[in-house]
Amino acid sequence: MSLQADFDKAAKDVRKLKTRPDDEELKELYGLYKQSVIGDIDIECPALLDLKGKAKWEAWNLQKGLSKEDAMNAYISKAKELIEKYGI
C-alpha cells in the first residue's frame, strides 16, 4: 500500500476508536493531520478567548517544518498506538 493509502486508512480507523482519546492525544493527531494534508501552518493564531481554536493552532504549529511525508508517517504511527490502546 502507498503512504497516502496507509494515511487515509489510519485517518478512517481513528474515527472508529471505542474510547475517545484524551485531549493531548487528539491535539497531536490534529496537528499531524493538518501538517500531512496542508503543510506548514498558514493562518494567524486565534484570539486569546478562542481556547479550542488556539489549542488546535498550537497543535498544528508544533509540527511546523515537518515534511508532509514525515507527518503522514508520524500520524500513522500515532494512530496505530491509539488503536492498540483503545481498540476499534
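Every residue, even glycine, has its Cβ placed from backbone N, Cα and C.
Mapped onto three states, the DSSP output places Lys34 (acyl-CoA binding site) in helix. Positions annotated as acyl-CoA binding site by Swiss-Prot: Arg15, Tyr30, Gly31, Leu32, Tyr33, Lys34, Lys56, Tyr75.
The feature domain 'ACB' is assigned by Swiss-Prot to 3-88.
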Cβ neighbour count (within 10 Å, all chains shown) around Arg15 (acyl-CoA binding site): 7
Among Tyr30, Tyr33, Tyr75 [binding-site residues], residue with fewest other Cβ within 10 Å: Tyr30
